[in-house]
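These features come from TrEMBL:
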type	residues	note
SIGNAL	1-20	signal peptide
DISULFID	CYS30-CYS47	disulfide bond
DOMAIN	61-212	domain 'Cupin type-1'
BINDING	HIS109, HIS111, GLU116, HIS158	Mn(2+) binding site
Amino acid sequence: MKSFPVSLLILALATATAFAYDPSPLQDICVAINDPKSAVFVNGEFCKDPKQANADDFTFMGFRKPGNTANPLGSKVTPATVNEFPGLNTLGISAARIDFAPGGLNPPHTHPRGTEVLVVIEGTLLVGFVTSNQLNNTLFTKVLYKGDVFVFPIGLIHFQLNTGKTPALAFAGLSSQNPGVITIANSVFGAKPPISADVLTKAFQVDKKTVDYLLAQFWYDNN
């Protein structure tokens with residue numbers, strides 16, 4: 001019997017590894033449970049009988065009106081994820097409308113499950129994202145004008161700031177039906193229960209008085 005070629009064995013193992021992966025989760029956490037009666041559906045939502053579906057299931061009208069930017073950030077994100085737009089279920093995409101008052105900011109945040117592509121409809125936006133520690137936390141930033149498009153890679157911290165004197169409007173497409181949002185300041189200083197001040201003072205290299213001040217602030221969520 002001839003020996004099995006080593007090259008074919010390596011190829012077989014590589015192919016098996018390439019196809020043996022866990023699907024990306026569509027929720028933040030999923031704790032295993034033995035009782036199915038107390039369980040929830042994972043990676044998506046329960047599906048309507050396709051024979052009962054209609055055009056309204058695939059229509060979202062939430063972008064018709066501007067978002068209310070009268071808030072501390074001067075911006076408002078109107079999401080169209082599977083939570084607001086059921087027709088997106090299993091399709092792997094979502095969208096958002098982002099309204100900015102003059103000087104309005106969509107603060108540093110990440111989407112743990114989706115890449116974002118942004119198009120400016122009106123106004124001028126300073127946008128940027130920061131790479132991971134592996135690439136020395138490099139900032140990529142650009143001033144965008146009407147019609148410009150910018151992409152924010154999945155999971156990286158990014159932001160948008162209206163640097164103009166008039167309102168700005170942008171639309172975003174995301175590569176997940178439920179991309180998630182982690183606003184950095186809210187998560188670090190607005191966690192419930194709060195992160196220990198000892199942790200924050202050492203992490204940010206500031207005194208406890210500064211940390212206590214930040215922990216006492218109201219961290220507005222513009223989503």
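For all residues, glycine too, the Cβ spot is worked out from N, Cα and C.
Sequence features annotated in TrEMBL and their locations in the structure.
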| residue | record | CB count, 10 Å |
| --- | --- | --- |
| CYS47 | disulfide bond | 11 |
| HIS109 | Mn(2+) binding site | 22 |
| HIS111 | Mn(2+) binding site | 24 |
| GLU116 | Mn(2+) binding site | 23 |
| HIS158 | Mn(2+) binding site | 23 |
### Query
Using an 8 Å cut-off from the Cβ centroid of HIS109, HIS111, GLU116, HIS158, can you name the remaining same-chain residues around the Mn(2+) site, in sequence order?
THR110, GLY114, PHE129, PHE152, LEU156, ILE157, PRO179, VAL181
